[in-house]
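Have a look at the structure below before the remarks.
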Amino acid sequence: MEGLSHAIAPKLAPLPPKAKTNLRCNGFGSVIIRSKKIHPIRVCKRSRVFAEIKSDHRERLDFSDPDWKSKFQSDFEQRFNLPHITDVFQDAKPIPSTFCLRMRTPVSEEFADGYPSDENWQGYINNSDRVLLKVIHYSSPTSAGAECVDPNCTWVEQWVHRAGPRKEIYFKPEEVKAAIVTCGGLCPGLNDVIRHIVITLEIYGVKKIVGIPFGYRGFCDSDLTEMALSRKVVQNIHLSGGSLLGVSRGGPTVSEIVDSMEERGINMLFVLGGNGTHAGANAIHNECRKRRMRVAVVGVPKTIDNDILLMDKTFGFDTAVEEAQRAINSAYIEAHSAYHGIGIVKLMGRSSGYIAMHASLASGQIDICLIPELPFHLHGPHGVLTHLKYLIETKGSAVICVAEGAGQNLIQKTNATDASGNIVLGDIGVHIQQEVKKYFKEIGIPADVKYIDPTYMIRACRANASDGILCTVLGQNAVHGAFAGYSGITVGICNTHYVYVPIPEVISYPRAVDPNSRMWHRCLTSTGQPDFF
């Protein structure tokens, strides 16, 4: 995940405006988050953040007011209203969509004029269609994973806009020059999304499609030229990993990017990236509005860490979990085949432990799962090493899965940052390996420790079937959103349906594993591990 290195908090109900963080793009794909209510914190202080966010909800809402529920819904509707081209250009006139699903060839002369159903069903989405953001009515705030607006867990409907093609569009395809840019690190599925953005643009009738090379820096680096894209160019790019356009961190300022867009005549920009990249996309959208440019900026969330708010999952995550099985199985075989064998696997996950948690659940071979959201001690009567000794004595072997962002408080900090502003993490996997060897040597028990770090192998591979489908639909819906006149939005999957969400609502803070969630409870049941604190 690129560019988001401050203010980490758990997944909760969306914050009201008062509690929302202020976002400032530093021009390099990074986002700096500051807030009067929620100060930059470490993940291990999750309970305090949870309390602050909940208290902010209660400060804003007077639950003794009989109309508090309707006021909350009104405020929610306002926050999730999608920015539209008519907000700036009130005289913008829609035209009939050039995207039509009435393309089926009749199988007999009886239907030579088309199928009867075509007159009533054309596959378009109504602008008023909504998708429920929350689908569980919790009976108590103490229920596992409960997300409640008020102390009584009152059911409050929260809706987001449904994604898909609209009957009317606000761009003439012959006047569109669309650009695609991929930022941050690699992720399985980037080529799949690029491919379907290009294919869908061509179906609308767009002739000018370009790719910006190597992230945001491709807008202003004189050594980099835009790449002409067409269905012929992208037809088979999904068969390999990586990005056809290349990726990078860092880049020019927002003003320089928008200057470049003006010079190139780009009026549709599709941005593939994580939280930091989306913060940059939102800044580009705001700058285009400030200059009264008729431009649509649409994001597609990209992070194998699966840490984007409100989304069921992001593309690349399923593939990452699947690829992690190979490393875990190798660690298990090494540990199981050795006398007092211990296998350690480090997986990606800077601030969110979703890959480690899901990979542990999927494998069934993990004895200890360590994630950034939960602090742990290595030493002491309740530490990881003591439990590891118990596992060696009772099972004869053990396997540990640790997310890269876990246990950073145990490692000496360097205060270094990468080009996106991310703090350079210490290697928790190597640290645990060394501490395990040292511990067992000190207590006189032989231990054969093997360490596996498959980090870049996982993110550089081709998307699996599940992610391939997700990428296909995300790419299509990104184009539908742009032609519908929306800008400053991102597309994702929410409660199994595809939706559009204003970018600020998904970059407030990264989504994290909730230690009170049913999924984490399932992981604990699978591993049998105790608390290590």
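A Cβ is built for glycine as well, from the same backbone N, Cα and C atoms used for every other residue.
Heads up, TrEMBL stuff is auto-annotated, nobody curated it.
Annotated active site, proton acceptor per TrEMBL: Asp305, in sequence order.
Sequence annotations record features per position, and here TrEMBL assigns ATP binding site to Gly185, Arg249, Gly250, Gly274, Asn275, Gly276, Thr277.
Sequence annotations record features per position, and here TrEMBL assigns Mg(2+) binding site to Asn275.
The substrate binding site feature in TrEMBL is assigned to Thr303, Ile304, Asp305, Met348, Gly349, Arg350, Glu404, Tyr456, Met457, Ile458, Arg459. The number of other CB atoms found within 10 A of the CB of Thr303 (substrate binding site), across every protein chain shown, is 32.
If you look up TrEMBL, you'll see 178-480 marked as domain 'Phosphofructokinase'.
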Cβ-based isolation winner (fewest other Cβ atoms within 10 Å) among the recorded positions Asp305, Glu404: Glu404
Substrate site span - longest C-alpha distance across Thr303, Ile304, Asp305, Met348, Gly349, Arg350, Glu404, Tyr456, Met457, Ile458, Arg459, in Å: 17
Alpha-carbon distance [Gly185 (ATP binding site); Asp305 (active site, proton acceptor)] in Å: 11
From binding-site residues Arg249, Gly250, Asn275, Gly276, Thr277, the one whose Cα lies nearest Met457 (substrate binding site): Arg249
Lowest local Cβ density among Arg249, Arg459, which the record lists as binding-site residues, within 10 Å: Arg459
Protein Cβ atoms within 10 Å of Gly276 (ATP binding site), excluding its own: 28
Recorded ATP binding residues, Gly185, Arg249, Gly250, Gly274, Asn275, Gly276, Thr277 - maximal Cα separation rounded to whole Å: 14
Asn275 (ATP binding site) versus binding-site residues Thr303, Gly349, Glu404, Arg459 - nearest by Cα: Thr303
